[in-house]
Amino acid sequence: MTEENSSITAETVASHGLSPEEYDTIKQALGRTPNLVELGIFSAMWSEHCSYKSSRKHLRELPTTGSQVICGPGENAGVVDIGDGQAAIFKMESHNHPSYIEPYQGAATGVGGILRDVFTMGARPVANLNALRFGSPKHPKTPHLVSGVVAGIGGYGNCVGVPTVGGEVNFHPAYDGNNLVNAMTVGVAETNKIFYSAASGAGNPIVYVGSKTGRDGIHGATMASADFGKDAEEKRPTVQVGDPFSEKLLIEACLELMASDAIVAIQDMGAAGLTSSAVEMASKGEVGIELDMDMVPCREEGMTPYEMMLSESQERMLMVLKPGREAEAEAIFKKWELDFAIIGRVTDSKHMVLTWKGDIVCDIPLAPLADNAPCYDRPWVATPKAKALGAVPASGSITDNLVTLVGSPDLASRRWIWEQYDNMVGADTVQCPGGDAAVVRVHGTEKALAMSVDVTPRYCRADPEEGGKQAVAECYRNITAVGALPLASTDCLNFGNPERPEIMGQIVGAIKGIGEACRALDMPIVSGNVSLYNETRQDDGSSLAILPTPTIGGVGLLQDWRDSTTIAFKNTGEEIYLVGNSGQGHLGQSIWLREIAGREEGTAPSVDLAQEKATGDFIRAMIQDGMLCAVHDISDGGLAVALAEMALAGNIGATVEAHDKAIAEHAYYFGEDQGRYLVSSTNAVALVSAAEKAGIPVFRLGVTGGDAVVLNSQSVSLEKLRKSHEAFLPELMQ
C-alpha cells in the first residue's frame, strides 16, 4: 500500500486533534503506522463532533422509544408516526463554530445540512426553525454576527423553498466568543417510503450525487471539536460554502429517485464529508466499502485523496443502488443538472479501502472508526447548588418594569429577524413566528404539525438538571398552547470544554433532567446533536465558556389545523384566567432580576412534571372543546409579560386586578414559576367547572378590553408597550 505522506510526527498528530494515546490506539488497530490519509480519516471520525466520545456514555440514559416512534437516534433524523400512513421526520443540529468564523456561510450551510438529514430519509422538508445565541448587545462584534447569521438562514431557506417558521434568540456576554446556531428541520414522508443508511449487498454500486467536491470545509469536524483562541478568524477555510439552488435540485432529484425502488441505502455528506458518509453506511450495514478516488467529481484541480475524503463541500449525497439501476438513476440526476458518478462498490471485507491512480492509499477496518471509537467516562463534578435568592425589593412601578422588560434584549420583538425569512412558502403555514409554537398543515390533509425550540440557559447554569427539565417542559407547553399533542423531541446539547470537570458536570446534569422530563411528558428523544468546546481562550489564559445550552426541539400533532389557538386576545370582554399553580413569585434567575435589579443569581424555578402533564392535558381538552379564545404559556418575564404579549398580538388591552397578597406585587407579576398558562375565554363558568372536575387550579385575573394593560390599577398604553417592544433589534442593527 502506498502512503500519500508517511512523515507522521507528533506535531502532525496534534494538528489533527488527536491525543498521543489516541494515536497509539490507531496504530494498534491497524497493526502499523497510518499514512496521512488514514490519519485524517481517524481524526475526523474520532472528533467530538462525529464520535460524541465525551457524551455517548450519558446519552444512553435518554428515553428514545415509544408507541409513536418509528425510528429513534442513530439514523439521519428521527421518525414519528402521525397516522394515516404518514410520518414526521425531524432533527436539530448545531453549526456554532463555523457561524462565528463566517456567520453568513456558517448559518446557511447549517440550514443546508439539516435539510439534507431530513430529505435523506425520504421526507419532503416542510419547515425550518432555529435557536440562536449571541453575545452582549454591547459587544462590538454582535451586530455583525446577528446580521450575517440571520441573512445566511434566510438566504438559504428562502431559496430552497422551505419556510422558516419559528425559533428563539437570546443575548448574553457568555456568548461573546462563541455564538450558537442550532437549526431544525421538519419533514413529512410516507411510512412505507422511509430510507435508511445501512449499506448492503456485496458488489452493489456506490454512487456520488450532487455538487462537485472542493477544498472548502476540510477539517470542519475537527475545528468544531476544539475551543477558539485568537486565531479564530484564520479558520475561515474550514467553513463550508453553500449553494441553496443546488440543494433545491438535489431535494427534487432524490425524492424523484426515491419514488422508485432503486435505492438500497442513502446518506448525506455532512460533517467529515465523504469520510463519515462512507463509514456510517458501511458500519451500519456491517459490510465493507471500496472507493475509487479517481472517480470523485472535483471542482478544483490536483485534489488529493486526503482532501477529497475530508472536504465538507455542500449539497452532496452518497447512495448504494440496486445493480442494474445505475442508468435510471443517472438520468434523473443529469436531468436536474447534478453530478452523478459511480465511485465504488460494497464489499464483504468490513474494511474501507481507497484506491487512487491504481494504488491503495487507505485500508482501515471499519470497527475502530465507528462502533469501537473512543468513548470516555470523563471526570465530572456536580454544579454547586445555587443560593436561594431571598426577598428582593421592588424597583420602580410595575408598569414601568413591564415597559422595560418587553423592550429588553431577550424579550423584545424578533420581527426584524423573522421578516427576513419566508415563512409562507409552500402555502401550508398556519401560524407564523411570534406565537408559542409554529403550526404547519400536513399538505393535502386536515392535520397539522406544531413545533417549537426551547431552552433557558440561565436556569441551566444555576441548576443543569432542573434547567434540562425546564427546557423539555417549556417545549411541551408551547406545543400544547396551540392545541397540539406533543409527540417527540430532538436535542442539541451545547456546552463548553468537557475536559473540565465542572463543564462535564453540566452535561451530565442536563441530560439527566432532559431524560426525566421526556419520560414524564412522553416526548422521547428521537434524534439530536452534541456541540462541545464552545468556549474561547482569554488573554489571561482563562477560558470563557458559554452558558450550558441544551436546546430542545419538539413536534406535536393537531388532528385538524382549524382547532389551533393563538396567543392573541380576540375580542373585548373575554375573561382572563391563570391555569396552573398561582406561583410563588420566583424571581431567581429571572429576566426581571437581571434587567431591573441588575443581578444574575438565585435558584432556577422548579418543574413539577406530574402537574405539568396534568395541566397540559387539561389545556388541550379545553382547546378541543372550544372553550378558550387565546392561550399563552407563562415563561420568561412571568405573568405580566405574557399578558402584554397577548394584548399586543391582538391589539386589545386587558385589565387585571388580582394578585396573591402573600407575594410581593413585583414578584407575583414577574416571577417565572413553571407549569402555568394564561388563557382567555367567553365561557368562564364551563371552564371553571371543568377545571374543578380535573383538579386543575384556575384563577380569574381580569378581562380584555381597551387600549392599555392595567395591572392593579396601574395602566400602560399598548402604544407605549409596542414602541418599547419593537425598538431593540432595529436600534441594534442600525
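Cβ coordinates are placed from backbone N, Cα and C, and glycine is handled just like the others.
The record from Swiss-Prot ties Ser94, His95, Asn96, His97, Arg116, Glu312, Ser313, Gln314, Ser531 to substrate, and of the options Gln28, Gln240, Gln611 it ties Gln240 to that site too. Among the candidates Asp463, Asp491, Asp560, Asp563, the one that Swiss-Prot lists alongside Tyr52, Lys91, Gly528 as binding ATP is Asp491. Across the structure, Gln314 (substrate binding site) and Asp268 (Mg(2+) 2 binding site) place their CA atoms 9 angstrom apart.
It is 13 Å from the Cα atom of Tyr52 (ATP binding site) to that of Glu93 (Mg(2+) 1 binding site). DSSP gives Arg116 (substrate binding site) a helix state.
Tyr52 (ATP binding site) falls within neither a helix nor a strand when secondary structure is assigned with DSSP, and so counts as coil. Asp491 (ATP binding site) has Ser94 as its nearest neighbour among the recorded positions His49, Ser94, His95, Asn96, Asp117, going by CA to CA distance.
Look at Ser94 (substrate binding site): DSSP puts it in a strand. DSSP assigns Asp268 (Mg(2+) 2 binding site) to a strand segment in the three-state reduction.
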